[in-house]
Each structure stands twice: as structure tokens, then as C-alpha cells.
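K.L.:
Feature annotation from TrEMBL assigns domain 'CUB' to 3-118. Taken from TrEMBL, the feature disulfide bond covers Cys3-Cys30. The domain 'LCCL' annotation in TrEMBL covers 120-216. The domain 'F5/8 type C' feature in TrEMBL is assigned to 223-380. The feature transmembrane segment is assigned by TrEMBL to 443-468.
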Amino acid sequence: DGCGHTVLGPESGTLASINYPRTSPNSTVCEWEIRVKPGQRVQLKFGDFDIDDSDSCHSSYLRVHNGIGPNRTEIGKYCGFGFQMDGLITSKSNEVTVQFMSGIHTSGRGFLAAYSTTDKSDLITCLDNASHFSEPEFNKHCPAGCVIPFADISGTIPHGYRDSSSLCMAGVHAGVVSNTLGGQINVVISKGIPYYEGSLANNVTSKVGPLSTSLFTFKTSGCYGTLGMESGVIPDSQITSSSVLEWPNQTGQVNIWKPENARLKRVGPPWAAFISDKHQWLQIDLNKEKKITGIITTGSTLAEYYYYVSAYRILYSDDAQKWTVYREPGMDKDKIFQGNTELYQEVRNNFIPPIIARFFRINPLKWHQKIAMKVELLGCQFSIGRAPKITLPPPPQNKNDEKNADFMDDFIHSVKTSLQTDKTTFTPEIKNTTVTPSVTKDVALAAVLVPVLVMVFTTLILILVCAWHWRNRKKKTEGTYDLPYWDRAGWWKGMKQFLPSKSAEHEETPVRYSSSEISHLRPREVPTMLQTESAEYAQPLVGGIVGTLHQRSTFKPEEGKEASYADLDPYNSPIQEVYHAYAEPLPITGPEYATPIVMDMSSHPSTPLGIPSISTFKAAGSQAPALAGTCNKLLSRTDSASSAQALYDIPKGQPGLGGADQLVYQVPQSVAHPTGSKDE
């Protein structure tokens, strides 16, 4: 009378003392005899051990024996509060006896243990949860019998289970392992979620759970897709039933709850049987053999009709004539599946091992008021692997080869047998549809890569924006001048700036004028500007822009103190048209002095009226045309080389002028050009 929760499977199982996890009663005893296949041994693992040791294991203890019966030998005797047993207890044979004795005591929960064959080295107990393991992914073996009333789980598939849930009990709920057989689980740990849903599946109720730091789910074969009831892939003609409920409503309209109404999540009434007894059935034709791994059921889903099926059997067939009732391996009784407990909730049951069949039939055994339900099947396509090509030995040539012929017959028979076996046991490789094992790694990798990529793209955008602003700002500061460049026609002249110069000063880089400036010139002046592409341009004579004249200036300044053009202000009268006072380009072989500029001093306030415009140079050839207006104009350059032979005269003062800013020059005398530096 001391035996508690007990499930003894063929390869694994679970056993616990009576009343566990509460205090076991006094003076009770229980003995378990465990037997596995011959040639194998048994290993025992304790999940919890709490037995009173006040009398040194005299009246309360747990004893483990090798063998069964009077010839058994003791392996060990154990007792103690919170006793931690390291490792496993291993037998020497395929039989083990476990004896629990509870004497007079006031406390002690008793024990819970799991057993399996020794080839399952990763055995865990029904009390282990995900928080006991630090690996992000691991494989463990769950024993049979882990659907225990004193363990809780929260969550469901595919969202996952709370980390405080029992691993093996959650595995049964998810349909990964069987409560009757146990099995291997592949657990994947990932980040927790704020809310865990509750559901009923495989006779295990999952409760609603709060936020947790982590969760776990299971890596499976992925054969859990819907087979077409909800989506309509299965046509109405392939859904039949034993009977159909028909009745007229208050308006006289006849209501028919046909079998094709038994589609999960379909709005409207369900299928309902005309007579509610254990001989009713709902049949689904899948059109060909498929691998069926589970079923989901609901009740009527109509509030005014509180109908649902609470228990049922499953039958399957290949021809709809001979039917097989589903049973779990090693069991001699039909498997009874728990159905719905109310009309709305979806309840899932899994088939371990899966069913391979074309015709699928549901036989209700228990119901509420009337038999009514909606259904969806879970599974995947089933394909038979191609049989290997058989290479037969050559036939016997004479009577002496009869032994070889007999061997060939045995060989063919064995191959056919193996192929027939493979036909029903082959499992195709199917893509996983739950959670991939790299969830944790992918999440960590994404958490690093996303910020890095954002920073890189932001940096590139900032660089492009800054470069664009810098380019626009540089263009604005350059004004009307373009950047210097080497003249393509006269590249040697561009190279002069890198060679030693005869003068003390450095050569100045030729200045290029933009097309916008040429457009301001009058039509008569444009051809002169564009006479030659390789012409060198003189420095512009604009007051306030160029302070000094450099080595290649086209004007000869006054001896002594150099006059600054920025100090001159002869243009204080209103100006109608403004042109930049650029000197005209020089010919390739001509002198490096620009055409003189005529200044109209009559408009200056300090100049007496009547003084005509004074030329500072004497140009050979035709005289410059008279200039109208109050601003300086450019004179046409003569093609004669005699202008290069002019000398400068000492400027003479005019009446009413004072200071260097009011000097004018007399017309120079034409004399022979003195020898000297060209750049002077």
C-alpha cells in the first residue's frame, strides 16, 4: 500500500512513493519489479529523495536489488532528508527490484525516480526543467510516465514553453514523446516572451504563464502541417459519416449538420450524428496514403448548442474495408484519446508512432448532450523510398551448383522481406516547422549586425552630405574664376611652373576664364578673346580683388613705391553697364604686356571738366575708338609688334590732382626696346 505514481514501460519508466510530494503515510511498503530485454541492464536515477533517517535507515528506507525473487542481491540501502545522489545506480542484469519502506515518521516527501536501459546515458527525470541546463541546445531522454499531477507546464507549440516547465511533461504536451513509451527530446533554449498561452493536448493541460527570461521548444521532424480539412484541399465528397442530424427550426427551415461541416474553424454548425451512440463515426478520405501525426478537435462552437465529444477512438484503413484500431506499441488495449471539455477550445492529440493510411475514421465514445465536432488532421505527405537495384548471382551451370541456387533463393527472399519492411517504416526527411536550433545564435548575431550596419550607412550618408556642401561652398568662394589647369594645347607652358625660373619670383600659373565671363563681353570683343586656345591671360585689373602684381603682370608699375589698385577709386559715378576689366589674352609670340587701358578722368569729381580721356600708352597703328560712358573699356589689341617697343615716361601731374592716386601718364615715346629680362 506504499506505491505512488507508477508507469513501467518496456525500456523506461517512472516510480514514486505514495502521496508524493506530500508526506508519505506511516507503516507502508511498496515493491517494484523492473524487467527489460535480455542482454540489457537497468539504470536508476532519482529526481527527489526525502526519507526520514532518524533511526539510521532502520524503519524508513529505499533498498535496490539486483534481480527479482529470493535470489536477488542488494545493491544499496538509502535514506536521509534531501539526500543528493550523484550519478546513476546500475544493475548487473536486466532485472531490478526496488523496495520502499515507510516506518513511523513525522516528515519526509518520499522519493521520485526514473529508470531506463543503460544505452540511454542522457536520462533525466520528470522533475527536470530547462533552468537545470545551461546549454542553448541539448538532447535528453525522457522516461515513460511523465504526465504527473504534481508538475506544471506553461505554454504551447510553436510559441514555446516557460523555462520553469517540466521538460518531459512539455514534451508529451507537444507531441514529441509518448507518456507510455518516453523518448528522446531535442531542446532549444531561446529568449522568453511576456505571456504563455494555455491549452489541452495529449491529456496534458498547459496553464497560462507570466513573463520569463527564457523559454524552450523542441526540434522535430516538422511533419505537423494541416492536411486540408480547414483549407478545403479535402473536398466535401471525401468526408462522410454514419448519420447526419436533421431537424426543422422555429421558422420551419430544415437544418442539416452534414459531415462536410466538420472543418476546423469553419463558421457555422458542425457535423452532428443523428443518433448519439458508440457506433457513430466520421470518416475522411485523404485520396492516398499519408503520414498522420495528430488531430485537433472542437465542439459545436455554437453557444446555443452545447455539444462536444469528450473521448474517442481512432481507426484507419487502406481500402475502407478492413479497419485497424490505433494502439500504442506494446499495448493490448485500444488507445482512448481525451477529447474536448467544452465546445470552443481546440484539443490536440498526437499519434506516436504516426499513422500511415489513406482512410481515417473517428469513433466517439463519450460526448456532452449530442455527438458534434469539427476536425483537422496533422501530418505530411508519405513517399516510399526507391528500392535498390538487386544484382543477382549467375544461375547454376550444372547439378553441382544446386547449393548456389538455394543460396540465391534465400538471398532474394531476404531482400524482398527487407524491402517490404522498408516500405512501411521509411520516414522521409522533412523540414522542421517549429523552431530552428540556431534561434539563440541568430538573435545574438542580428543584435550585433543591425547596429553596425546602421552606423556604417549613417557614416556614408554624412560623408556624402559633407562632400556636397564643401563642393558647393568652394564654388561660391571661387567667384567667377575657374580652378587652374594645364592648357591641353600647350602642356609645356603648364610645366614651366615646376621648372627653375630666371627671375627671383616664381612663375604664376596661367588663369583660365570661364565661359560665363566671356558671355559678358561685347560681340566685337569675343573673337579677340578666342583667337588662340593656348593664349596666356593677364591678371584681372579689378580694384579690391588683386592687391599686387606678380611676376607675369602685363603692366609696368611706377618706379619706387608700387601703386595699389585697391586704393584707386575712379568709379564713383553711377554705372549703367559693368564689365570686368580683364586684360585681353596675349598671342603666343607677342610681348607679355597687355593692351593699355584708357581711363575717363572727366567723370572724376576731383578732375577739372574738359579733360579728355587720357591713354597711358601709345598704340601703333590705328587709334582706339572713342569710348562712351563713365567706366573704363578695353581697347582692341593691335596685331603689330611695335607696341612691345614702347617705353614708359615719367608721369606728369595734372592741375588739381594730388597724391599718387591721381597720377596720369604721358603718351610713351616709341623707341627701341632695351635688352633685359622679359618678365620685368
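Glycine is no exception: its Cβ is also placed from the backbone N, Cα and C atoms.
Fair warning: this is a prediction, and the values are worked out from it, not measured in the lab.
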K.L.:
What parts of the chain pack near the transmembrane segment (443-468), using Cβ distances under 8 Å and only residues at least 6 beyond its ends?
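P.N.:
Non-local partners: 190-191.
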K.L.:
Within the domain 'CUB' (3-118), what mean pLDDT does the predicted structure show?
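P.N.:
Here the mean pLDDT over the domain 'CUB' (3-118) amounts to 91.
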K.L.:
Fewest other CB within 10 angstroms, which one of the disulfide-bonded residues Cys3, Cys30?
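P.N.:
Comparing Cβ neighbours within 10 Å for the disulfide-bonded residues Cys3, Cys30, Cys3 has the fewest.
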K.L.:
Tally the residues of the domain 'CUB' (3-118) by DSSP class, grouping H, G and I as helix, E and B as strand, and everything else as coil.
P.N.:
0 helix, 61 strand, 55 coil
K.L.:
Would you mind splitting the domain 'LCCL' (120-216) into helix, strand and coil residue counts from DSSP?
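P.N.:
Residue counts for the domain 'LCCL' (120-216) by secondary structure: 11 helix, 38 strand, 48 coil.
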